[in-house]
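Quick look at what TrEMBL lists:
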| type | residues | note |
| --- | --- | --- |
| TRANSMEM | 27-44 | transmembrane segment |
| TRANSMEM | 56-76 | transmembrane segment |
| TRANSMEM | 88-104 | transmembrane segment |
| TRANSMEM | 125-144 | transmembrane segment |
| TRANSMEM | 159-182 | transmembrane segment |
| TRANSMEM | 194-226 | transmembrane segment |
| DOMAIN | 196-333 | domain 'O-antigen ligase-related' |
| TRANSMEM | 232-248 | transmembrane segment |
| TRANSMEM | 269-290 | transmembrane segment |
| TRANSMEM | 317-337 | transmembrane segment |
| TRANSMEM | 358-385 | transmembrane segment |
Amino acid sequence: MQWLLLLLLISLPPGHLTRFEAGNGVALYPQDLVAAAMLLWSVVRRFRGRRLRPELLQPVLLFTAAALLSLIFAAVSHSLTQLLVGKLYLLRWLAYAGIYFFALDFRSSGKKITVLNRQYGIREALLLSGLALTVFGLTQYLIIPDLTQLKWLGWDDHFYRLVGTFLDPGFTGVMLILTLFLGLEVKLGKLVKFLAVGLPLVALPLTYSRASYLALFAAGLVYLLAKKKAKIALATGGIFLLALPLLPRPGGEGVNLTRLYSITSRMESWRNALVIASDHPIFGVGFNLLRYAQRDYGWLDEDWQTSHGGAGIENSYLFVLATTGIVGLAVYLNLLVRMFMLGKRALGRGKIPRPAILASLTAVSVSALFNNTWFYPWIMAWIWLLLADEEAGKLLKA
């Protein structure tokens, strides 16, 4: 079983460098196949009598059912090819949820990941993967800071911003935050801890992602308050805010922290989502048929099939509302609440509270107000692994 986890963790840092275009706006990554294999393994184990009852099984199945129902209602107005695209996105989401079921089965059996005769827990191995991603990001910023030519391939034309292998400062920023908080808790030696905390702290400001700054601020408050260090929380927040004006300004609109373009772009995206939701309030336009809906409304350019933003809304909650309606949003929020309940439990387990999971969930939740963060594959994989490890810890101590 451990080789699947190893493949997953190794496949995360390369990001979009391993992207394969499957056509019709669908892209595949190696970790998609690994996640699908994990889901299949978990289903087979279930039918073979594995008596494991994951806490998040019911909310995962409820959202899957709501999303599938939205596609059924959308079948009347969409072609078979379009419906297939929507089903592929749903299968991807379910496959990534399969990471949680697989990792929970693995860890609850008392197993660890063995590499070169050394054993690692899921959190330790995940931290090393995040550290590699951080190094890739810093390398990109130092060696290839000008990515304006990528505009012709459908990506944003970033200039002197740390975007890493995700080619996006917002999502890279969230992954840096997740690495940072995990680094504060995982014990892998002083050097690794120093790098896991220090490098993300250096890298994050260079993303110039205001959503990531806000996510770090909120998650940091949660983490330090959970540690009962309110004074440190206020001091750290103040220092961070005072340090922002000192960031380098090499030129370009992207490094201007008072830029308005991204704000107006997001507001337009939110408005579009609300228009779609008002026209399709109960089950939405279908998960994930948003690209076709936005095309029909006349909101997309001629490159709508190849653009990397056509299938999304820059807010995860509005994305769910627009694609699966009120029904889908209700069951998805229920899933998030259950996740937070699982993360909160880590505060009371053991002599020392472990608020990294709660802080990580907070960071993603805040970022999801400005980006479709909850449905970003790498972030989904990270969160599912963290939740599985936490739940397995409870089962092992029971």
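Positions of Cβ are set from backbone N, Cα and C atoms, glycine also.
Automatic prediction, not curation, is the source of TrEMBL annotations.
Sequence-remote contacts of a segment are chain residues at least 6 beyond its ends whose Cβ falls under 8 Å from one of its Cβ atoms, and for the transmembrane segment (125-144) they are 5-6, 9-10, 12-15, 113, 115, 160-165, 172, 175-176, 178-179, 182-183, 186, 188, 192, 195-196, 199-200, 202-203, 206, 382, 385-386. Taking every recorded stretch in 56-76, 194-226, 269-290, 358-385 and counting its Cβ pairs under 8 Å to the transmembrane segment (27-44), the highest total belongs to 358-385. It is 56-76 that, among the stretches 56-76, 88-104, 194-226, 358-385, forms the most Cβ pairs under 8 Å with the transmembrane segment (269-290). The stretch from 56-76, 88-104, 358-385 with the most CB pairs below 8 A to the transmembrane segment (194-226) is 358-385. Averaged over the domain 'O-antigen ligase-related' (196-333), the predicted model reaches a pLDDT of 82.
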